[in-house]
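The feature transmembrane segment is assigned by TrEMBL to 12-35, 47-64, 76-93, 105-129, 210-232, 266-284, 296-315, 335-355, 376-397, 409-429. Look at TrEMBL and you will find 22-434 tagged as domain 'Cation/H+ exchanger transmembrane'.
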Amino acid sequence: MGLMELTTTSDHASIVSINLFVALLCGCIVIGHLLEDNRWMNESTTALIIGLCTGVVILLLSKGRSSHLLVFSEDLFFIYLLPPIIFNAGFQVKKKQFFRNFITIMLFGAVGTLVSWAIISLGAIQIFSRMDFGDFDIGDYLAIGAIFAATDSVCTLQVLHQDETPLLYSLVFGEGVVNDATSVVLFNAIQSFDMSKIDPKIALHFIGNFLYLFFTSTVLGVIAGLLCAYIIKKLYFGRHSTDREVALMMLMAYLSYMLAELLDLSGILTVFFCGIVMSHYTWHNVTESSRITTKHTFATLSFVAETFIFLYVGMDALDIEKWRFISDSPGTSVAVSSILLGLVLLGRAAFVFPLSFLSNLAKKSTSEKISFKQQVIIWWAGLIRGAVSMALAYNKFTSLGHTNLRGNAIMITSTITLVLFSTVVFGLLTKPLIRLLLPPLKHATSAASSDPNSPNSLGVPLISHSQDSDSFLSGHDIPRPSSIRMLLTTPTYTVHRLWRRFDDRFMRPVFGGRGFVPVVPGSPTEGNLS
């Protein structure tokens, strides 16, 4: 009987916690709407501050015993919250603009992340090993580099106007997604190797494993997206139920993520490219009502997940158990946080400006080059650390959110401090900085370049470009690559033209896409098929 009463009490406490958390999510949405035009605030910072204030209240009511409603879990983050955010990023992205800048995005997101990781890791090895606050080995220091190489550009993307600055928006957006994937793949690769004995053979094996994870994860996402497109095109789910179309798209996307995790691949890369493929093929195979439903459903799930993460990080920042371990030496935690912040600033600058210079050398058009002001904003956008850094730090230095080692506790509290400082301080300064460097155009219109045949044209503007029209991208105005020289001088347009020809001839007849007319109940199409 006592056990039953204990279970009932535990269930009641969980229900109360969930109710309070849902109420806080509603509050974040309402307050975020009211502060939409505020010069300083954005939704991420708002949710974080609300979480901090809630943590203070809970801390006072519990007399210092606890500051959060839910216990942090890496599984909660990586299995339930991250997939809808990354999938929606791929599903909503304007592919033409994304792939036009694909080389630059990969430079920033993959090569840049590796540069940042190397600098942070080397700095940690040189400085933290002399501070002697924990028993860390070379693998721990390399993991620290991967943890703090993960950026969070949500605050910047909320302020940038994709119709006014399509190049800048696509670079910040694309780099953010690739950076997250690279950081997680890098972290997992470090965890799976014995870094205590590094030699050329292990280094080559490490690089090979990293490239293998990147490639196979991408291919798995593409296959999942194509399979979903083929099933929906062949079986005509919309003839009987649009709900089945929506459900199949959601479940196939989630299945691709979980299958990648099961195979020890990068679920982030897999679900991102699954989203891109679904928006290119599957979305055009479903009925009009399913298009509207999927577009808003994925966007809503992503928005709620992002708000949930920032709200929780704010509450967990005041967890007494973690801070109790460093109560005898708070200066050490402050010093570690300050050093990490300095390494983040240095690591970010070490690749943004040099890679921007290299990227500009390969571009002839002035409009496609990255100006110095835009480089500063790209550098600033990657200074904020968020949920991915928190989740990786918890994975590395805690067990189920708890730790009994002083060194691990210092790393956790330093991560929390850096996430709070970068999100609040850098987040508050993001709007003023962008308005200072890139003042908004007086006659800019948001509807100038939306594509009515893409999932991001139904209400939420995303990456766009004044030249993103079918007539421009169909290849009629692009000379044929009659020589190797022309292929080298116009690689982006030439590759895109070749891809469009291949897509129209082989891919769309099999997997559908734009131009495919799905069966709608009672429509002439259905009558002709019967």
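Backbone N, Cα and C atoms are what each Cβ position is placed from, and that goes for glycine too.
Across 12-35, 76-93, 266-284, 376-397, stretch 266-284 shows the highest tally of CB pairs under 8 A with the transmembrane segment (210-232). Note: the stretches the transmembrane segment (105-129) and the transmembrane segment (47-64) are not in contact (fewer than 3 CB pairs below 8 A, sequence gap of 6 or more). Counted over residue pairs separated by six or more positions, the transmembrane segment (266-284) shares at least 3 Cβ pairs under 8 angstroms with the transmembrane segment (76-93), which defines the two as touching. Outside the transmembrane segment (76-93), and at least 6 residues removed from its termini, the chain residues within Cβ reach (under 8 Å) are 70, 173-174, 177, 180, 253-254, 257-258, 261, 267-268, 271-276, 278-279, 283, 294-295, 298-299, 301-302, 305-306, 308-309, 387-388, 390-391, 455-456, 460, 462-463.
Taking every listed stretch (47-64, 335-355, 376-397) in turn, the largest tally of C-beta pairs under 8 A with the transmembrane segment (12-35) is reached by 47-64.
Residues 104, 107-108, 111-112, 115-120, 123-124, 127-128, 131, 133, 148-149, 375, 378-379, 382-383, 385, 410-411, 413-414, 417-418, 421-422 of the same chain lie 6+ residues outside the transmembrane segment (335-355) yet bring a C-beta within less than 8 angstroms of a C-beta in it. Long-range contacts of the transmembrane segment (47-64) within the same chain: residues 24, 27-28, 31-32, 307, 310-318, 320, 420, 423-424, 427, each at least 6 residues beyond the stretch ends and with a Cβ under 8 Å from a Cβ of the stretch.
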